[in-house]
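As written in Swiss-Prot, here are the features:
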TRANSMEM  20-40  transmembrane segment
TRANSMEM  58-78  transmembrane segment
TRANSMEM  96-116  transmembrane segment
TRANSMEM  133-153  transmembrane segment
TRANSMEM  172-192  transmembrane segment
TRANSMEM  197-217  transmembrane segment
TRANSMEM  224-244  transmembrane segment
TRANSMEM  248-268  transmembrane segment
Amino acid sequence: MNMLFSLISEPFAYPFMQRAIVAAIVTGVVCAILSCYLVLKGWSLMGDAISHAVLPGIVLAFWLGIPLVIGAFVSGIFCAVATGYLKENSRVKEDTVMGIVFSGMFAFGLVLFSRIDTDQHLSHILFGNMLGISLTELKQTLWIAGFTLLVVLLKRKDFMLYCFDPNHARVIGLPVKFLHYGLLCLLALTIVASLQAVGVILVIAMLIAPGIIAFMICRSFDQMLVVATLVSVVACVLGTLISFHIDGATGPCIVIIQALFFVVALIYNHIKPIKDRKMAPLTKAVNPENTAPSNLP
């Protein structure tokens, strides 16, 4: 027990680990909340596209001497808008357009990076460097994540209805176009906030895994938000602590933990129906008047 306590408490003695844990929790919360909407909307590939497309914006921002988050955000929004325009003005399907746009922008970013002299490691951009996050970068992450969470919470029901049934949202008078591009902007902001933690490649796992895990084991969207947040925060904290002890990359450790949680949820999702079928005759015998299935909101 003392050894376990030492393993958990030892990293907190270092200031860089304190910053890393705070960044992990904040990143985990904002990614988990947004992942529920992405899973409900079916935008897994959109998150992947924008996360890869921010690379040229980061490189150009560094070259111009402006904050990297501005370049990343503009680049991500350009990818989303270009994808929507090409989809609406051509016969090509959306997933095909996204594949071409994000791969082209990612390749363009790699070429730009190879032509610019910088002491910045490409691996830190691609895979993140949470243990090396500075106080300024942490404050930046907190501001972006806080703004994103505030907007999502204020428009929670509107976004939920838009993701679940955009036609119904349009019929009742919701600004569907505004919600569409608003969600894209929030997605781009979330990716920017997560860059320091897991980089442009692995951020898609944090934007999908918590939501799909919660989707498999929950019966309502509110439950889904809570479970996704818990899963994401636990995975981020555990991954950060494990990376400290094994001297490994933080981003991949976090994603591995989330992948393990997904396997557990998948097994639970297969076992629960079997258990319910076995318990059904016993439940009916004990309480024959209350055998109707429940419909949770």
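From the backbone N, Cα and C atoms, a Cβ is placed for every residue, glycine too.
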Contact ranking winner - 20-40, 58-78, 96-116, 197-217 against the transmembrane segment (224-244), Cβ under 8 Å = 20-40
Counting only CB pairs under 8 A, let me know which of 20-40, 58-78, 96-116, 133-153 has the most with the transmembrane segment (197-217).
-> 20-40
Cβ contacts the transmembrane segment (172-192)/the transmembrane segment (96-116), at least three under 8 Å, sequence gap 6 or more | no
